[in-house]
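Listed in TrEMBL for this protein:
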type	residues	note
ACT_SITE	Lys43	active site, proton acceptor
MOD_RES	Lys43	N6-(pyridoxal phosphate)lysine
BINDING	Arg142, Met318	substrate binding site
DOMAIN	250-375	domain 'Alanine racemase C-terminal'
ACT_SITE	Tyr271	active site, proton acceptor
Amino acid sequence: MTEQKDTLLTRPSWIEIDLGAIQENAQSIMAHAGAKRLIAVVKADGYGHGATPVANALYEIGVRDFAVATIGEGIKLRQELAYQDYRIVLLGVQDIAHVDVMVKYRLSPAIESIDWLSVALQAIPEGATLDVELAVDTGMGRMGAHSKEAVYSVYRYIKNNDKLELGGVFTHFATADDSNIGYYKQQAQRFNDWVTAAGIPRQYWHLANSGSALWHTQEIDTRTIRVGSVLYGYNPGAPLLTLPIPLKHVFALKSRIGAVHQLITGESVSYGATYTAQKPQWVATLPIGYADGYLRRMAGMRVLINGKVTYVIGRITMDQIVIALDQAYPIGTEVTLIGRDGDNEITVEEFADYANTIPHEILTSFGPRLPRIYKK
Ligand SMILES: *Cc1c(COP(=O)(O)O)cnc(C)c1O
């Protein structure tokens, strides 16, 4: 925390994360989906929020399963979390060369084939076990056993091997957060058929990503849910679908005015001189730019100052942006780039929409130069 504060003081642009809101969102989505267990997806550094503080906050409310994408993310979490009695699932395809590391740090890889497992066995020391998650590809096309027979034979192989432990069986939906119900139902049906035929008990099943836990609780088993987006408080189906439950906003992006100037009529701002003052115009410079994840295509975006709306003018540069002012403001005045200020709010969804992308991409693009400040 001290280190964060020092960094903040030297360059006043930062991210605020509300960990209490993450805890509340976890509880809300479990209640809504009727879930007994939650696997918290904290890949990509907790969708940009900081995997370790997020996982610690969720541990406090009883979460004991976390999911990341890479071995590196898994090791970091294992080393940094204050507790030890929890699982770490690796969601992506993993290089067979690093099975020893997975055993050492007790990481549970998603696996899809007997080929992979048979090579893995040679790297598991006597007396040790590798906890694995059986991935089933029902239509996402990224990874997983891809037929009834494949699911059956991989499951048998795990059961018949002392060095292998089954942690879970899962699939991932391609269309949980859009209106393509037909494709969703086909995936759900395949999982149900294949996994039931293999005889894998229900306690191992986890299918629901955020979209499923929000909008498909009737179509699939939701006793265990495996979610990311909803924890971080945004709508993965925006703008097409509306949320069935309220989620608390978690993320805010803020900066402070570093310099204030008055342009005279005809003067311009930033590279390319794309913005020109039509009358005497107060402007302020903020110490944040596209190298921080305030993307170049955010030129013209809304920002909030003293609860009022104003705009980014001219081009976004690597480290600085310029905003229009209605009057001179003191150096150090706080500006909200994402979040609430008085009656106005800029949501992550609005920000992403302006950038022509989805909130996931925006949140994972904010760089390490921006300190994360945590509150509860
Ligand atoms: C990223 C990911 C999730 C979480 O998805 P959300 O839509 O953010 O809830 C769940 N499962 C898998 C396999 C993933 O890759």
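Keep in mind that glycine also has a Cβ here, set from the backbone N, Cα and C atoms.
Where TrEMBL records a feature, it is marked here on the structure.
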{"residue": "Lys43", "record": "active site, proton acceptor", "CB count, 10 Å": "20"}
{"residue": "Arg142", "record": "substrate binding site", "CB count, 10 Å": "13"}
{"residue": "Tyr271", "record": "active site, proton acceptor", "CB count, 10 Å": "10"}
{"residue": "Met318", "record": "substrate binding site", "CB count, 10 Å": "10"}
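Rounded to a whole number, the C-alpha distance linking Arg142 (substrate binding site) with Tyr271 (active site, proton acceptor) is 42 angstrom. In the three-state DSSP scheme, Met318 (substrate binding site) falls into the coil class.
The two recorded residues Tyr271 (active site, proton acceptor) and Met318 (substrate binding site) have their Cα atoms spaced 11 Å from each other. Under DSSP, Tyr271 (active site, proton acceptor) is assigned to a helix (H, G or I) in the three-state scheme. In the domain 'Alanine racemase C-terminal' (250-375), the DSSP tally of helix, strand and coil residues is 21 helix, 51 strand, 54 coil.
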